[in-house]
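Contents: one structure, followed by commentary.
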Amino acid sequence: MATLSRFVVKNHDFHKHGAVYRGGPSSLISSRTLRAPHLDVRAGVSLPENGKGLAIQSKQSSPLALSAPSRNPRILCNAAANVPGDIPTPSGMNQYERIIETLTTLFPVWVILGTIIGIYKPAAVTWLETDLFTVGLGFLMLSMGLTLTFEDFKRCLRNPWTVGVGFLAQYLIKPMLGFAIAMTLKLSAPLATGLILVSCCPGGQASNVATYISKGNVALSVLMTTCSTIGAIVMTPLLTKLLAGQLVPVDAVGLAISTFQVVLVPTVVGVLANEFFPKFTSKIISVTPLIGVILTTLLCASPIGQVSEVLKAQGGQLIFPVALLHAAAFALGYWVSKLSFGESTSRTISIECGMQSSALGFLLAQKHFTNPLVAVPSAVSVVCMALGGSGLAVFWRNRPIPVDDKDDFME
């Protein structure tokens, strides 16, 4: 989650050009209000005038927390034609920062490689079992917290409707889809429970990278991921109990305690450390990006490796319901949002709705359900989420945001 604290601002006339703010693909930065006359900065939205636009791009070197705003973003201003899908390349980054950014944007590639290794060489990744898996996931939550401040939570209060709709999409649309698909396809009780469990998990950190690529509202994505992650302490066990309790015994209290330990505690520790010991945290976050990339790959590959035999035997039967869950969530998240919001916000909510924290679902399934098949849908979801979200983001990247797009986000 290391941030780039220097600002590079090239000389351009703010009065003659619109603005494009794109949070960096690494740590996904929250937008900050720049006090310049007649300058409107909106996350991921182009406001060109006279055929030109001013690109304000924020770059960070966080690889995987992928969900936390930064306090000191690097801003690059480049006057350029507003070419759909064009993302300016930053200058002035050192070699380490370039490597981290490249590793981050290639996230789907690492997921594919991890999947192949997990299926055909499971011993290479299955050593990351429950206890170590918990530590790894907790570290990612800590790294997210290290880039959050109290001000970021105040911004949620300034955008209750926008953030609230995203929260409902996360914990209403997706869980109901998981339940409906499980019942319609008549999945066995363990697989149905696993599908419902992963559909009740909070937004995945990788959603912020996908939002950046898709020209969505990165700042809003950050807030939605943060809110859904904290809300998971109550919502994930409650919804799992309500929807899957009729299929298998569900330890809602145990789920809540585990979610509290793995999600809330590390996040709060990170926020407090960043707020009260900024100099100390600035040194820590300089080494977390590379660790985050490695951890992300392992947290994706290990679940696949641990259920590799089941995937080899029943791969098609398992992949279809999970892929359908993500595809339907992307579609419904987008079209429901379009009823009230603009294109940029709708893309953001769609991606947040479709990309879950599958690693958390896998961990909860392992710790609180006796049947190992409950963990299989979460393992498959890791792959479907990454590939589906990345593919959709690339598709949207090449479709420009309307010039008159609604601004649904208030700084």
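For all residues, glycine too, the Cβ spot is worked out from N, Cα and C.
As recorded in TrEMBL, the features of this protein are as follows:
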type	residues	note
TRANSMEM	99-120	transmembrane segment
TRANSMEM	132-150	transmembrane segment
TRANSMEM	162-181	transmembrane segment
TRANSMEM	187-206	transmembrane segment
TRANSMEM	218-240	transmembrane segment
TRANSMEM	252-272	transmembrane segment
TRANSMEM	284-306	transmembrane segment
TRANSMEM	318-337	transmembrane segment
TRANSMEM	375-396	transmembrane segment
Original post:
Top stretch among 162-181, 218-240, 252-272, 318-337, 375-396 for CB pairs under 8 A with the transmembrane segment (132-150)?
Top reply: 252-272
**OP:** With pairs restricted to those 6 or more apart in sequence, evaluate whether the transmembrane segment (375-396) and the transmembrane segment (284-306) have 3+ C-beta pairs under 8 Å.
**Re:** yes
**OP:** Could you name the stretch, out of 99-120, 187-206, 252-272, 284-306, 318-337, with the greatest number of CB pairs under 8 A to the transmembrane segment (162-181)?
**Re:** 318-337
Original post:
Counting Cβ pairs under 8 Å to the transmembrane segment (187-206), which of 99-120, 284-306, 318-337 comes out on top?
Top reply: 318-337
